[in-house]
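Colleague: Have a look at this one before I ask anything.
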Amino acid sequence: MTDTEVVARPRAVLVGVDLGTGSSFDPTLDELALLAESAGDEPVARLIARRKAIDAAFYVGSGKADEIKELVTLHQAHCVIFDQALGPAQQRNLERHIGVEVLDRTGLILEIFAARARSHEGKLQVELARLQYLATRLVRRWSHLERQRGGFGLRGGPGETQIELDRRMIDARIKSVKERLAKVKRQRNTQRRSRERHGTFRVSLVGYTNAGKSTLFNALVKARTYAADQLFATLDTTTRQMYLEAAQRSVSLSDTVGFIRDLPHGLVEAFQATLQEAAEADLLLHVVDGASPTWLEQVQEVQRVLREIGADDLPQLLVFNKLDLIEDDARPRENVDHYELEPGRIVPRLFLSAAEGIGLAELRAAIAQASIDADAQVDTLPADVRFRSLDVDVDAEVGADASLDLDDVDASMEPLPDDLLEAAPDDAEHGANVDEHRSRHRAA
Ligand SMILES: Nc1nc2c(ncn2[C@@H]2O[C@H](COP(=O)(O)OP(=O)(O)OP(=O)(O)O)[C@@H](O)[C@H]2O)c(=O)[nH]1
Ligand SMILES: [Mg+2]
């Protein structure tokens, strides 16, 4: 870790629990470390506990809890961060036992989101998610967060007697935030509809957090969107026009919030509106950190979230980014090939480096081609199908047998079966450089 920073960051002990089920794909806790850094903490020690079953009181056994306590003392840590979701009682028990703040992955992600939200809507969404999390546990942590960022006015340190009162306050607050969100959403829909009338071809960047979406966005539209080696650097959707020579047209390009495994449920829900933007695109650029050892799990996680928001059947280009980090001999022979995203679903795949500007011309050409293909398909369809109604009753002039399935409307790429290349960069052992940590929201 580089430690030339003036501001001392809270020192954190990271704990992962291996339940032997293969459920966790981060046995090194690297992702948790990056999350902790993104939240402004400094990971000082990591500990993996192996257990057959979860302990009701401490999640880990009391022996491990003692071990954690020793680590905390040894490293003079300020908090302990669990990679797994702790129950409210477990969290409380651990805090009492260890004597410092204990939080879990969910709490950490919420904290990052809270620090990063910029737009009115984003702030409301994060507040809603935090309130929902808070409603289930009423932990002391919140008083600490409020002090740090000036939040929504909960008094610090709710004692047992105050819990009922707080819960009622929280419920009222949840209701009011939901109403405000609904209003913002209506405005957004109105804006979106007026945009739709212009018939712009819409491209959305989606992908796991830190894959390089914002870097690619900047490279493509030459805008300056915040890109950083932090998780969830981007929370609000940014949209710009991008001119494509090959298609002689402008398309809109949107940068979106990154995905991560086990995104707190409240956040998935809260960010539906933001992600909806992606769900309504004509083309998804699914950006993958091709140099990450866990890229495959990340792709699967992104696919899972896309399914959840109903965007999994949109045409996709898979963009393997960070080609520059891959050793020459591990690089793919071709910069463009095809990849089987899911059984039977083959999509074009491009290898590029957003940071070094390698492969951008090919990507622009592929986007142009996708927009031309989509137009060609739409032009041949009756108007009401363009508006995505299922099983359309088509006028007599058009033809009697045209009961169309949405799949036919989809401007998917032609599948090219059986000539897949091996997924090249997976065994390259490069991780993104996490050492270039910059101080984050503390500056705000
Ligand atoms: N070496 C290398 N690094 C890259 C490349 N593209 C992006 N990065 C780095 O990867 C990190 C994450 O990039 P971002 O563009 O912020 O990633 P993102 O997907 O927008 O991340 P979130 O907004 O947090 O979801 C930054 O440190 C970038 O400089 C690349 O092609 N090569
Ligand atoms: Mg980003």
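The count begins at 1 with the first shown residue.
Each Cβ is built from the backbone N, Cα and C atoms, and glycine gets one as well.
As listed in TrEMBL for this protein:
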type     : residues                           : note
BINDING  : 207-214, 232-236, 255-258, 321-324 : GTP binding site
BINDING  : S214, T234                         : Mg(2+) binding site
COILED   : 167-194                            : coiled coil
COMPBIAS : 405-426                            : compositional bias 'Acidic residues'
COMPBIAS : 427-438                            : compositional bias 'Basic and acidic residues'
DOMAIN   : 201-375                            : domain 'Hflx-type G'
REGION   : 405-444                            : region 'Disordered'
Colleague: For V257 (GTP binding site) and T234 (Mg(2+) binding site), determine the Cα separation and express it in whole Å.
Modeller: 5
Colleague: I'm trying to understand the geometry here, so how far is the Cα atom of T234 (Mg(2+) binding site) from the Cα atom of K213 (GTP binding site), in Å to the nearest whole number?
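Modeller: About 9 Å separates the two Cα atoms.
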Colleague: Using a Cβ cut-off under 8 Å and a sequence separation of 6 or more, which residues in the same chain sit near G207 (GTP binding site)?
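Modeller: Counting only residues 6 or more apart in sequence, the Cβ neighbours of G207 (GTP binding site) under 8 Å are K213, G258, F259, H286, V287, V288, D289, Q298, V302, V319.
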Colleague: Can you go through the binding-site residues S214, T234, D236 and pick out those with a C-beta less than 6 angstroms from ligand 1?
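Modeller: Close enough to ligand 1 are S214, T234.
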Colleague: Between S214 (Mg(2+) binding site) and K322 (GTP binding site), what C-alpha distance do you get in Å?
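Modeller: It is 13 Å, counting Cα to Cα.
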Colleague: Kindly state the mean pLDDT of the domain 'Hflx-type G' (201-375) in the predicted structure.
Modeller: 86
Colleague: Which binding-site residues among G207, N210, K213, S214, V257, K322 have CB under 6 Å of ligand 2?
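Modeller: Within range of ligand 2: K213, S214.
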Colleague: For K322 (GTP binding site), list the number of other Cβ atoms lying within 10 Å of its Cβ atom.
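Modeller: A 10 Å sphere around the Cβ of K322 (GTP binding site) contains 27 other Cβ atoms.
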Colleague: Where among the binding-site residues A233, V257 do you find the Cβ with the fewest other Cβ atoms within 10 Å?
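Modeller: Checked A233, V257; of these binding-site residues, fewest Cβ neighbours within 10 Å: A233.
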Colleague: Would you please pick out, from the binding-site residues N210, K213, S214, T234, D236, the one with the fewest other Cβ atoms within 10 Å of its Cβ?
Modeller: D236
Colleague: Please state whether DSSP places K213 (GTP binding site) in a helix, a strand or coil.
Modeller: helix
